[in-house]
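Student: I'd like to ask you about the structure that follows.
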Amino acid sequence: MKEAKNKDVFTYLLWGVIIQVVAGFMIPPLYRLITGPAADKATELVLTSAVYSIVLFVMFYRLKWCPLSPDYVRGKHWDVMFWTVVFTLGSIIPMAFLEEAMPELPNLVEDELTLLVGSNFGYVTICLFAPLVEEMIFRGAILRTLLSVMKGKTWLPIVISAFLFALIHMNPAQMPYAFVVGIFLGWIYSRTGSIVPGVLCHWVNNTVAYLMIRLMPHQMSDVRMTDLFGGDHRRMGLAIIFSFFILLPALYQLVTRTARRG
């Protein structure tokens, strides 16, 4: 049984990669064939992202790889959802500082991401489709299966799913951030048994990143944390400290308001 479930994890991950790669090879030439000289790179990226997101959503839902139920929302866990959003907002500045303090890694998708954000429909794929589909795959399917296989263990499955989540981004610059965020997403899933809080966290995180790139499309690759605070290190330090006054109480509320699942 455990061996079969381990194969399930590999299957989920493999299909996630296959659909993304196939869409990447098929959609752009089809789009250019249909539109001809009017083809727009940003629209091409949006269509590709939307197609593989929709295909993966339908596949994981129809095959019951990620069981979806309205029970968590019907249970009116508004407090957990609220504190998840607060925690995510409080973590943004400290995480940005931590990411900046790490050795610089190559950003392989910077140009594509800027084009996506610049599109009128970029928000839909980056901030709506991506959070839902990625939570279905990595928490609703992969982590759920790992928790079932490794009964009595919580953190090992969380770390494994976070590692796979970081790896699937296939962009060194995003991997450390994705891994840390994946730890929280896995933790909140393990305590609630629902992808809803994770989707909310993912949505807030992606939306903030989207807005930052949208507002400063040409500066984001070079801008540093201190630049956002007028070069004042003191103001930056105060912003980080203030963020912890948001983040830590929110984390405490989440710990007390969620029950660890067996």
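Cβ atoms here come from the backbone N, Cα and C positions, even for glycine.
Got these off TrEMBL a minute ago, pasting:
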TRANSMEM  12-31  transmembrane segment
TRANSMEM  43-60  transmembrane segment
TRANSMEM  80-98  transmembrane segment
TRANSMEM  113-133  transmembrane segment
DOMAIN    122-208  domain 'CAAX prenyl protease 2/Lysostaphin resistance protein A-like'
TRANSMEM  154-170  transmembrane segment
TRANSMEM  176-192  transmembrane segment
TRANSMEM  199-216  transmembrane segment
TRANSMEM  236-255  transmembrane segment
Student: What parts of the chain pack near the transmembrane segment (236-255), using Cβ distances under 8 Å and only residues at least 6 beyond its ends?
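Tutor: For the transmembrane segment (236-255), the list is 79-80, 83-84, 86-87, 89-94, 97, 188, 191, 225-226, 228-229.
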Student: When you check the transmembrane segment (154-170) against the transmembrane segment (176-192), do you get at least 3 Cβ pairs under 8 Å, counting only pairs 6 or more apart in sequence?
Tutor: yes
Student: Should anything in the same chain at least six residues away from the transmembrane segment (43-60) have a Cβ under 8 Å from its Cβ atoms, list it; otherwise answer none.
Tutor: 12, 15-16, 19-20, 22-24, 27-28, 31-32, 66, 112, 115-116, 119, 121-122, 124-126, 129-130, 132-133, 136-137, 140-141
Student: Give me the stretch from 12-31, 113-133, 176-192, 199-216 with the greatest number of Cβ pairs under 8 Å to the transmembrane segment (80-98).
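Tutor: Checked against 12-31, 113-133, 176-192, 199-216; highest Cβ contact count belongs to 199-216.
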Student: For the transmembrane segment (176-192), could you work out the same-chain residues 6 or more beyond its ends whose Cβ comes under 8 Å from its Cβ atoms?
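Tutor: Sequence-distant neighbours of the transmembrane segment (176-192): 72, 77, 80, 84, 87, 91, 95, 98-99, 102, 105, 135, 138-140, 143-144, 147, 154, 157-159, 161-163, 165-166, 169, 198, 201-202, 205, 254, 258-261.
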